[in-house]
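A quick write-up on the structure given underneath.
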């Protein structure tokens, strides 16, 4: 009973004191002092260089962001240049793969068919009795400073021509496109004239009909006279057009046209501009030459030499690794036998080729001398990077024994008959005569030379037609 009264009295006393203003101010001042104490501690920590400790989860979340490096800028990506590597299937030391001109392909097809029919390609009038035809693609640009185009220059790098070759002809082939707009009223006869650059020498001139729109086609100019005096490094030819029938009408082009003299026609309107042209429509210089037999395979030596000089055994630049091992020595009595050896980078292919085609030579055949098959694949030899066509052909070879008596179809020489007779009497004293080719025929090869020019060449004595004892 006394306890309940004491508790009730305490409650009334507390409520009475809470209503007094002095007690409320004391409580407020105590709470504010605690707040000021907290703020003072915070300011003191800032002055001393210490930041208030944040919650742990915030620190751990922010710490990886502070340590993480900023990502690279997107615009910096294109500035990174990948290491330059030669493209696949490109011959060493060359530029991009050369696309043969359709004109050179047609020459190869025509002369190859003639050879199969037994006709020598050098007898064709178009070949000019040449066994080598080299094509050079125009490297010039349009002269944009002259509008309209009055003169068109054509530049050709002819440094790969050898002074050992006899030059028998040269022609410039220009593709004339159909004009985009019809011609205006004719001002007289229209003539095309071809000059050597920086020279008044007129190589050839021809007339065009100004009445009708010309059809697209090839204009062929004889430039043999312009190529002969050149030092065979670079040939520059210039095409002009003029109104008039005189051969030197184009020379009056530099004069200011009078009231009765129309300006020279625009070569672009005649279809001779370089813009919007396919590779097959570019100007082509075709040189006809006749090579001596001893220099027919000189380009093979150049091909193998340029490949070993430019690229090392590991595919890197020159000097990046140890030099390649020397090629095997040629067989005795065989001149330039190393020309038929594939490049160092093709040795695995050569080994496979030899193991596949050399099994029949393990045992000496006792058959009489006759012609046997021999299939040659230039791709297996490693020459497909510069030989365009053919990639393979049937060469044949001679195999067998020349025993006594010799057959008449073997066409033996008197010396072979005596040698065979001596061998039959005493095999230890005299070796038998040899089974060798007695008649060989040529083949046509289309290839890329060291200057990336497409060349047609007729190679003599490439196919065995008959065998005999010698």
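Positions of Cβ are set from backbone N, Cα and C atoms, glycine also.
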According to Swiss-Prot, of the residues 58, 120, the one annotated as N-linked glycosylation site is 120
Swiss-Prot feature region 'Disordered', matched against 131-189, 308-366, maps to 308-366
Of 221-246, 247-272, 273-298, which span is tagged region 'Disordered' by Swiss-Prot? 247-272
Intrachain C-beta neighbours of residue 469 (disulfide bond), sequence separation six or more, cut-off 8 angstroms: 369, 402, 406, 410, 412, 416, 420, 433, 434, 435, 436
What's the most sparsely packed of the disulfide-bonded residues 398, 435, 467, counting other C-beta atoms within 10 A? 398
